Number of protein chains: 2
Amino acid sequence: MSAPAPRASEEALIARYFAPLAGPGGLALADDAAQLSPSPGHDLVLTADAIVAGVHYLADDPPASIARKALGVNLSDLAAKGATPRGFLLTLALQDDWTEAWLAEFARGLGQASTALGCPLLGGDTVRAAGATLVGVTALGEVPAGGMVPRMAAQVGDRICVSGTIGDGALGLRVLQGVDTWTARLNEEARAHLIDRYRHPRPRLALAPILRRHARAAMDVSDGLAGDLAKMLRGGGRGAWVSVPILPLSEAAHAALREAPGLIDTILTGGDDYEILCAVPPDRVDDALAEAGAAGVSLSAIGVVTADGDAPAFTMSDGTERRFAAGSFSHF
Amino acid sequence: MSAPAPRASEEALIARYFAPLAGPGGLALADDAAQLSPSPGHDLVLTADAIVAGVHYLADDPPASIARKALGVNLSDLAAKGATPRGFLLTLALQDDWTEAWLAEFARGLGQASTALGCPLLGGDTVRAAGATLVGVTALGEVPAGGMVPRMAAQVGDRICVSGTIGDGALGLRVLQGVDTWTARLNEEARAHLIDRYRHPRPRLALAPILRRHARAAMDVSDGLAGDLAKMLRGGGRGAWVSVPILPLSEAAHAALREAPGLIDTILTGGDDYEILCAVPPDRVDDALAEAGAAGVSLSAIGVVTADGDAPAFTMSDGTERRFAAGSFSHF
């Protein structure tokens, strides 16, 4: 429809940057489709998430970080479903002023993440974006047949658990935006930690088998703890009570809260956590927490599923109770 | 990162427009992932293609047509690999000025195409594009184990065959652009035919089992017959000879050629055919053509694979021979 850009062809770019990342099913990216089948006795689990410059990441984020984030947010979904990654397809829509230097760094970061997470490239498409760059990933994982952990099956009395720490990603974005005065008062280590957490989701793949064994329901926290907890419990007249003082926070988040206590709202409702939120029957909580610790990922009980059909209730450090409107944050 | 648009939430849009299209593995789009496994004794085949406003379709194309094209171009890849569709994931990046009326029409067209092609929606993601709308599809199909038809395996002496008619899509785009004087001299029926072919790829799914039985190599023609034939034969010192006078052309394409004989270059190198290009051993050609006809899709032998490692040679109607540089057209 329009003249090709005076740069390498799509085919040349794929051969140079992406073919080296291809797994066996990707056929060296030299065919028109990839092949993949689940291991015997397993189901495939599929998820697709795209990130867009200026919406899900900052346009001047390092290209290797953008690649790592695009893969990470998808594998975070697989981990929450109890799935082991098998491979991914990439849809890369490049804005008009892309450079080969950017693409080389992007591919390098993608290759590192792909190797580290055990998830090879299977195929994809590279197009002109006619606007901001978009990185879309479709990730495929597998679970033992029938073993996918659902989002919606929590029962009253189940303990609500989260992995890692909450709020770092949303605070990291605020640090990068540099508008709030509190961000300047953090030390360099805290700032670096929060930025790293915003840029580099850590899909909690080590939790996948533990979720399959012990969790009744799970999802990843990508749009804020309060909103995603409400999503997990939607329908069926269930609610939740969460104790904010016991929420797992990083040192950096604690430091930010000391500077600006109102940031607790950002921590509870901001996006970009990419931690696991799950509902675990009471008699399984001790095992789940212990096994997670042994697998190198902290898992913390923060509340309980109730028969209260309202938005989840959060008891704050000062003893007051708050409820946040569901969907208070959206990447859309 | 930015304030949500004052419109329905992503979740509400999904529930309203996309959940009704979900197949069984899509879990009503109410979970974070989909489930799908190949039928016993089958391999999954995966492909991902995105179309972008202003690059792969015209921004003012009817939204139902855009949806149909996005799904069609992906299922065309599956058909070329001999695969039967099983489902797809959708990444929809909407430009800022999207309307619910547009989205409703898009979803209606997607639902119709999904039903007609037997390929249910499994999941996906809806995001803001920060630029032009992008519709990305990852399609999953299946073939009997080991049965995927490769792109690269043609052998010298194989007959080169194409389905349907060639060049209509590229001519249809020229009609829509309305710049060329010949377009005004076509009758309304011819114009409508060419536009329809540009907007509505017809994935040749009926050919999938025939390709598995008889084709040594296959791909779909999306970037022009000349360039895609060169791609199919790349490596291994193979070339091709093609007879242009016997190329299958529509009545409308013949009419356009009568007005402007130079359009033969557009027909041979333009994109958007979404027909099947395949290499069939000589002793299988009669069966392949007959079975295709019986399945309701025309398949035509147009040339032969040669031991000449250059770009494919096309003998034109005037007896001259031409070779087109590979990749003469690119959507990138």
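Each position is counted from 1, following the chain as shown.
Cβ coordinates are placed from backbone N, Cα and C, and glycine is handled just like the others.
Long-range Cβ proximity for B:Thr47 (Mg(2+) 4 binding site), meaning a same-chain Cβ under 8 A and a gap of 6 or more residues, is found for B:Asn74, B:Asp77, B:Leu78, B:Lys81, B:Thr138, B:Ala139, B:Gly141. The DSSP secondary structure for B:Thr47 (Mg(2+) 4 binding site) is strand. The feature Mg(2+) 4 binding site is assigned by TrEMBL to B:Asp32, B:Thr47, B:Asp77.
Taking Cβ-Cβ distances under 8 Å and a sequence gap of 6 or more within the same chain, the neighbours of B:Asp220 (Mg(2+) 3 binding site) are B:Ser76, B:Asp77, B:Ala79, B:Ala80, B:Asp228, B:Asp273, B:Tyr274, B:Glu275, B:Ile276, B:Leu277. Taken from TrEMBL, the feature Mg(2+) 3 binding site covers B:Asp32, B:Asp77, B:Asp220.
According to TrEMBL, the Mg(2+) 2 binding site annotation covers B:Asp49, B:Asp77. Residues within less than 8 Å, Cβ to Cβ, of B:Asp49 (Mg(2+) 2 binding site) and separated from it by at least 6 positions along the same chain comprise B:Ala70, B:Val73, B:Asn74, B:Asp77, B:Gly136, B:Val137.
According to DSSP, B:Asp125 (Mg(2+) 1 binding site) is assigned to a strand segment. What TrEMBL lists as Mg(2+) 1 binding site is B:Asp49, B:Asp125.
B:His56 (substrate binding site) counts 24 other C-beta atoms within 10 Å of its own C-beta, drawing on all protein chains shown. The annotation substrate binding site is assigned in TrEMBL to B:His56, B:Asp272, B:Phe329.
The ATP binding site annotation in TrEMBL covers B:Gly124, B:Asp125, B:Arg151, B:Ser222. Counted within 10 Å of its Cβ, the other Cβ atoms near B:Asp125 (Mg(2+) 1 binding site) come to 24, all protein chains included.
Look at B:Asp223 (Mg(2+) 5 binding site): DSSP puts it in coil. The Mg(2+) 5 binding site annotation in TrEMBL covers B:Asp223.
Residues or ranges marked as domain 'PurM-like N-terminal' by TrEMBL: B:31-143.
Among the features that TrEMBL reports, domain 'PurM-like C-terminal' is placed at B:155-309. A mean pLDDT of 96 is what the model gives for the domain 'PurM-like C-terminal' (B:155-309).
The binding-site residues close to B:Asp32 (Mg(2+) 4 binding site), defined as a CA atom within 10 A of its CA, are B:Gly124 out of B:His56, B:Gly124, B:Arg151, B:Ser222, B:Asp223, B:Asp272. Among the binding-site residues listed (B:His56, B:Asp125, B:Asp223, B:Asp272), B:Asp223 has its Cα nearest to the Cα of B:Arg151 (ATP binding site). Among the binding-site residues B:His56, B:Ser222, B:Asp223, B:Asp272, no residue is found with its Cα located within 10 Å of the Cα of B:Asp125 (Mg(2+) 1 binding site).
Annotation for B:Gly124 (ATP binding site): same-chain Cβ neighbours under 8 Å, separated by at least 6 residues, are B:Phe18, B:Leu29, B:Leu89, B:Leu90, B:Thr91, B:Leu92. Its Cβ placed at the centre, B:Asp77 (Mg(2+) 4 binding site) has 26 other Cβ atoms within 10 Å. Proximity to chain A, defined as a CB-CB distance below 8 A, holds for B:Thr47 out of the binding-site residues B:Thr47, B:Ser222, B:Asp223.
B:Asp77 (Mg(2+) 4 binding site) falls within a helical segment according to DSSP.
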